[in-house]
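Database features (TrEMBL):
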- B:63, B:64, B:65, B:66, B:67, B:68, B:69, B:70: ATP binding site (BINDING)
């Protein structure tokens, strides 16, 4: 059966039951339909509850072969529940726009999915629409300020706040607005990013509560004046109305897995120019509500896990107890140099070569004081010899357990071994989470530390513009912020073709962007696409409601 | 107490109770929070139920003095429920964007409101976001088609489909998009309207069901090719995905009045370039669910009621049993020539002069075979002599009952006299609804008929371009569509300064637009603003969440 057929065949529990299982008071539950609800989690901050155990799911560098990070997050969560450990999963919300480009949802797959799949992948509870509205309100207020006299002397050439839309629409990437005469304002260059690239999205996901979110929104820098002084959202008195637009959205969305276990699906920032994790609010609430929390981070561990640790955990105080690194036999062979067409053929030599990628991710995770474990996400073509090789190699060479998982085919039952292993690892209690670099380290040095320690680079090459900007940011008082690396996800290096574990490469930093509201400095190491386009024949051409009232073509 | 204080002090009933009162099956109710729900009304079409009595609330031409059409709709509905006539109210959804411009919601006022006010005025159930998404998906698919080879030979100078956003943002009125090089498409002129001006909104509100909506979306004309042949959404295979985006939105939103009576708040098209009424789906469902349905139409009766009758009722088969025309003593004096500052002073002569406006609206409503009744919406400064004058004048000169209403101050109890009068009028059974003009009448003649019969004009002056376009539309097979007049709401004439009942004026028709999906032809008789701007100090500057967690500044 396809993912969508499995999801449709599922018998869902009323969301009130899921909430009751978590002992969420009924009056703090706000249903959106019968199987989705927002939870007012404010009560948890006022109670003196112990936190559960946070487990991060990350992966080797992604390949065309597929890894299955979200399915493993769901499978592990279901399995922990199966073995009697109450567990909540925390996932990102899918973006609406890309659904109409390439077919495919983002709610897991096989028998490891969160449901209701269609609602989650379409408008869901409207969080992204709220973020779009808040972002564009700020944009409108900037141009409106200029229109009505420009009291703050905004340099219209230096307005850095673009607009957003949750749609793949390349023709909006670069526009000139304000045309058509004096009544429409002053013409200027502008453009649209996709909503997940909005700094509002990143701030939303890092905020501890609504007051913190409002403060972060106020600190967003939207433009510079003619004296090159920063203009913030607060200078335009926009942050209050933006927070009002985001008030309901900031409550985490409760859904369930196919096996009826609770999951928060909340927030979804880009994993390149932002940190790529679900909201802090959801993760913190989940920790108060259950013994285990399984969550994921975007891309491979070099980007996703590093940002999870150094950005998300830094400010929120989250401290993971274990880290699952997802790998597949196919992907490891791909890192070992095998072409996509040959991935279904047993190839132990390539597998061994590909282990270099996994090895470095394991070493990296250990650098943060978090004990790793490897999940081998099973594919049909995997041979017994290949699986045995990876398990033995991990045990003998890397001192890490590698557990075979079949959650895609079997649901939680297919990940019970992984669940038991994760629980053992957590129970041993060897986690001692630490950040890779302290706040006080200079920005350039932070970037160099990430490149050397995590990417295996020999050094970083800063473009003149980037180096200058880092100095400016330091002198403007932003030197204490963590770094958000925007690098290709396909390699440890900035060159996506370098599979495996490239060494002694140089990471080029071409540009620097400040996210003063989200509270990080983005180091751009390559092309970054913040507004996708639609393909020649977008999925939208085939999406429709069929004769049975069901949606065809979306997945 | 202010509107917002009254709304906050209200004790709301769970929305499940409201639904139960209407005998809506529990499994067809989809809650959005505890006091709002979407209703899957499909079951009603499959049952052989009699329709309730439809009552339209309209008004004299609006003046700066205020009339109170929405409050009267709510007050009358509450009063009908009070006198034992089960009644559902049908209202339009407020637009989000304008909330951040000028302070003020659109959910009634005083003790005649629908609640929860804040949710209704902010994102509500996301319907407008869904409409924005569907509209902009179509826009993205047009540019994407051109980008990937332009198989249909779209003339990029003749793309008529703009983009929309639910925000007051003048700088997006006119843009050039597709800039920045070959990867971003072909540069072309473009622009954004506010979401309520989208043809998707109008089609949504006129569709009888999802299949009808999909068919209408498919017929939307988005561009012309190099041979001047129309390109539709269906030509681009966009209508299926658009319908998927609107699937949940098309279910009516159930809320309650302050007195706990049911109301559908669903859809909200512009009242100038569109027809300005809530959805057909909501009105038809309400008629199946209760004995009376009270609904409203935008602007004064010359625009709102005429479009309600000739556009909304024409295709849907709705047939109103009575029509309430709302007037205030202040507004009538304003039509009699009194300046805003002097409206609180008794002035029987001005009142008599102003009655000309009310008289013509009464005559107009009768032209549709619908018996009228006048609601005098009470203001504190009204004198007894003024009220008595209007009532006597209506009875003696116009043969219509004029009932004093105090629902703003007293809720339903303040409109019981009106409710009794409306019920008597309906019970007499003299309604015999008929359209002003038949489908077969030529487009030019339809416009002339509206101008002469309803506006009291001597003739219509078509600009050369408009006349040419009408001929084109007729030859292209659109001659059977009804007309949607886009004229100032402040006067029967196209000149907004002509109060009262101007006669023998000429209505200039400057431009013609086709809404092939909504199924009407728009005749533009003046400046039409489809994207508002923010004021110098927008309400957004003062909107915030206060220390009690409540929203300040929005209302």
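Placed from the backbone N, Cα and C atoms, the Cβ positions cover glycine too.
In the structure as shown, the Cβ atom of residue B:65 (ATP binding site) sits within 10 Å of 18 other Cβ atoms.
The local packing around residue B:69 (ATP binding site), expressed as other Cβ atoms within 10 Å of its Cβ over all shown chains, amounts to 26. Here the binding-site residues are B:64, B:68, and the one with the most other Cβ atoms within 10 Å of its Cβ is B:68.
The secondary structure of residue B:67 (ATP binding site), as reduced to three states from DSSP, is coil rather than helix or strand. For residue B:67 (ATP binding site), other Cβ atoms within 10 Å of its Cβ number 23.
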